[in-house]
Amino acid sequence: MWWDERVAARFRRNLQPTLTYWSVFFSFGLCIAFLGPTLLDLRCQTQSSLSQITWVFFSQQFCLLLGSCLGGVFKRTLAQSLLALFASSLAISLVFAIIPLCHNVVVLAVVMAVAGLAMGCIDTISNMQLVKIYQKDSAIFLQALHFFVGFGALLSPLIADPFLSDTNCILANGTASASSNLPHIRKSLVPHQPGNLSHYDLPMKGMVVTRVSYAFWIMALINLPVPIAVFFLLYKERMVPCLNGSSHPLLSADELALETRPGDKDELSSAGHRPHTAAGHEDLFSCCQSKNFQGASFTYFAVHITGALVLFMTDGIVGEYSGFVYSYAVEEPLAVVHKVAGYLPSLFWGFITLGRLISIPVSYRMKPATMVFINVVGVLITFLLLLLFSSSVVFLFVGTASLGLFLSSAFPSMLAYTEDILHYTG
């Protein structure tokens, strides 16, 4: 095997929770990428304008930010974390099932806000629990975790594509010109970057003809095994209150990690010397208490700031580049044909997923710090070459693939690297 027996044995002991956290991140990916390609059909379903329907982007992303903070509240016991994951993954299936019933844009925005909260909780809790289970061996498992979000993000547009309208999905007088613009508008509506589409005149009243509901129901069914898997983990740990015959002490994530290799006790004891201690976990804002920073070295703060800046840059590019590159390609001087330019976001996400798959075995042989360095240098060189060859269509495709490859493992590598230095809390 390409990893040693110690890590393999640790993985076998934590097989069910690890697979459960991976599957929950698949839900995250499934939910993050469907909105862009389906937005025009949802506009028809809600009979709203383009400027109104694009508010659902803001609703989802803003509540994802809130949910990421909220996820830290459920850190104190394994039971709280698993119950939050169960509720979040079940909420995503319910959101997919309810979206076809939303015929008002405000109701749709509220539903997408719920999805954003669920996604944020999943993001925080899954990363944190894997780090606490595997500690210094977490790099390889974090790479696999983030592969699943890429896989889900690739799958949901593929599910939606056969059910998208090829012509305007509200039949009214004078729809011919609007229908001719539809392919260009649809490819402008990619996740995180709805763009300036207010100049397109599409009918708001008439007979709605869209089959996109089937796509959402299919995604709801595909996602349904995920909350079931979380429920089985809760049941195995005897944390389902109504099904427990006797009381069972709640296992914290740290206690779950104690069943691993002998050296873990030394690691946990050494963690007590880190600046953040378990005593500061009493409330949501305890991490900001001054006593937690007393005696902390400059390096401690430098790692926090550097890690945050790297993630701000790399994760921000992942969120925005797929929305930017299409508009960049169809404009002068490149003037790429719309259909060809539409492959660029798919190419970008495809290489992100491929890079995360490759990073799983690579992360076992290479230190996280080295991977972060390669990622950052690779991203900077790629952007420099994209600027130098800004008039080359071929290099735009090559650079997009290269950028996705270098960005793919930046987040999990940085998380694994800083875990060696910092003591993570919710």
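The backbone N, Cα and C atoms fix where each Cβ goes, glycine too.
Those TrEMBL annotations? Automatic predictions, nothing curated.
Annotation source TrEMBL lists transmembrane segment at 21-40 (among others). Counting residues 6+ beyond its ends, the transmembrane segment (21-40) has Cβ neighbours under 8 Å at 53-54, 56-57, 60, 85, 88-89, 92-93, 95-96, 112, 115, 118-119, 122-123, 126, 129-130, 144-146, 148-157, 159-161, 164-165, 169, 182, 185-186, 189-191, 194, 212, 215-216, 219, 222-223, 225-226, 229-230, 323, 349 in the same chain.
The transmembrane segment annotation in TrEMBL covers 52-74 (among others).
What TrEMBL lists as transmembrane segment is 81-99 (among others).
According to TrEMBL, the feature transmembrane segment maps to 105-126 (among others). Outside the transmembrane segment (105-126) by six or more residues, the chain places 21, 24-25, 27-28, 31-32, 35, 42, 46, 48, 52-53, 55-56, 59-72, 74-75, 81, 84-85, 87-89, 91-92, 95, 98-99, 145, 426 with a CB less than 8 A from a CB of the stretch.
When Cβ-Cβ distances below 8 Å are used as the criterion, the transmembrane segment (138-159) is approached by residues 3, 7, 11, 18, 21-23, 25-34, 36-37, 126-127, 130-131, 215, 218-219, 222, 346, 349-350, 352-353, 356-357, 359-364, 368, 371, 408-409, 411-413, 415-416, 419 of the same chain, each at least six residues removed from its ends. Marked as transmembrane segment by TrEMBL: 138-159 (among others).
What TrEMBL lists as transmembrane segment is 214-235 (among others).
The transmembrane segment annotation in TrEMBL covers 298-318 (among others). Below 8 angstroms of C-beta separation, residues 275, 352, 372, 375-376, 379, 403, 407, 410-411, 414, 417-418, 421-422 of the same chain, each at least six residues beyond the ends of the transmembrane segment (298-318), sit close to that stretch.
Within the chain, the transmembrane segment (340-358) has long-range Cβ neighbours (under 8 A, six or more residues past its boundaries) at 33, 143-144, 146-147, 150-151, 153-154, 157, 187, 190, 318, 321-323, 325-326, 329-330, 396-397, 400-409, 412. As annotated by TrEMBL, transmembrane segment applies to 340-358 (among others).
Taken from TrEMBL, the feature transmembrane segment covers 370-389 (among others). Within its own chain, the transmembrane segment (370-389) is flanked in space by residues 139, 310, 313-314, 317, 359, 362-363, 395-396, 399, 402-403, 405-407, 409-410, 413-414, 417, which lie at least six positions past its ends and keep a Cβ under 8 Å from the stretch.
Taken from TrEMBL, the feature transmembrane segment applies to 395-417 (among others).
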